[in-house]
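K.L.:
Relevant sequence annotations retrieved from Swiss-Prot are reproduced here:
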type: BINDING; residues: SER10, PHE11, HIS18, GLY94, LEU95, ARG96, GLU104, VAL129, ARG130, PRO131, ILE132, THR133, ALA134, THR135; note: ATP binding site
type: BINDING; residues: SER10, LYS42, THR79, ARG93; note: substrate binding site
type: SITE; residues: HIS18; note: site 'Transition state stabilizer'
Amino acid sequence: MPRIALYPGSFDPVTNGHLDVVSRAVALCDRLIVAIGVHPGKKPLFSTQERLEMVETVFAPVAAAAHCAFDCTTYDNLTVTAAQRVGATIMIRGLRDGTDLDYEMQIAGMNETMAPDVHTVFIPAGVSVRPITATLVRQIAQMGGDVSAFVPPQVAHSLTTKFAG
């Protein structure tokens, strides 16, 4: 039975922190599905389509190099429901610090109650990417700062283009 993992997030934008988690997650599964959460009440910087393209461009080569099947999807319901919908038994969550752990443990507990067959796997972020958040990246880019140390080159280009107009 293939090990299918779901890695959910907003990916607005994709950061080197996300890339770090994906590079570790592909070693744990046969198929990785990155799921972009779409929330009607939120106004993301990048459209759903732009985020799908970013995720595919940045993560697919990493998965291919690890001989891990890769897919990208969107969801607008509970994350655990999205995991069940795609047949995932592993939910990948990246952790930067203790604050992330406290929050993610609560979510993992609730998810376990709703879907005991979906197991949360925490992947600690590498030291070099721990301070990176998509929110900070957006703020730096919006103010004209250089985000190249925090995001893949394709994403840096997309951010520069987005804020140039």
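Placement of Cβ uses the backbone N, Cα and C atoms for every residue, glycine included.
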K.L.:
Once near-sequence residues are set aside, which residues in the chain of THR79 (substrate binding site), 6 or more away, have Cβ atoms under 8 Å from its Cβ?
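P.N.:
Listed in sequence order: LEU6, PRO8, ALA35, GLY37, MET91, ILE107, ASN111.
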K.L.:
Which of the three DSSP states, helix, strand or coil, fits ALA134 (ATP binding site)?
P.N.:
helix
K.L.:
Please report the DSSP secondary structure of SER10 (ATP binding site), reduced to three states.
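P.N.:
DSSP assigns SER10 (ATP binding site) to coil.
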K.L.:
Please report the number of other Cβ atoms within 10 Å of the Cβ of ARG93 (substrate binding site).
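P.N.:
There are 22 of them.
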K.L.:
Could you check what DSSP calls ARG93 (substrate binding site) once collapsed to helix, strand or coil?
P.N.:
strand
K.L.:
Counting distance between Cα atoms, which of the binding-site residues SER10, HIS18, GLU104, ARG130 is nearest ARG93 (substrate binding site)?
P.N.:
GLU104
K.L.:
Over all shown protein chains, what is the count of other CB atoms within 10 A of the CB belonging to ARG130 (ATP binding site)?
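P.N.:
Total other Cβ atoms inside 10 Å, all chains included: 16.
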K.L.:
Around the Cβ of LEU95 (ATP binding site), how many other Cβ atoms lie within 10 Å? Please give the count over every shown protein chain.
P.N.:
17
K.L.:
If you count other CB atoms within 10 A of each CB, which of HIS18, LYS42 wins among these binding-site residues?
P.N.:
HIS18
K.L.:
Taking just the CA atoms, what is the gap between ARG130 (ATP binding site) and LYS42 (substrate binding site) in Å?
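P.N.:
With the alpha carbons as reference points, the distance is 25 Å.
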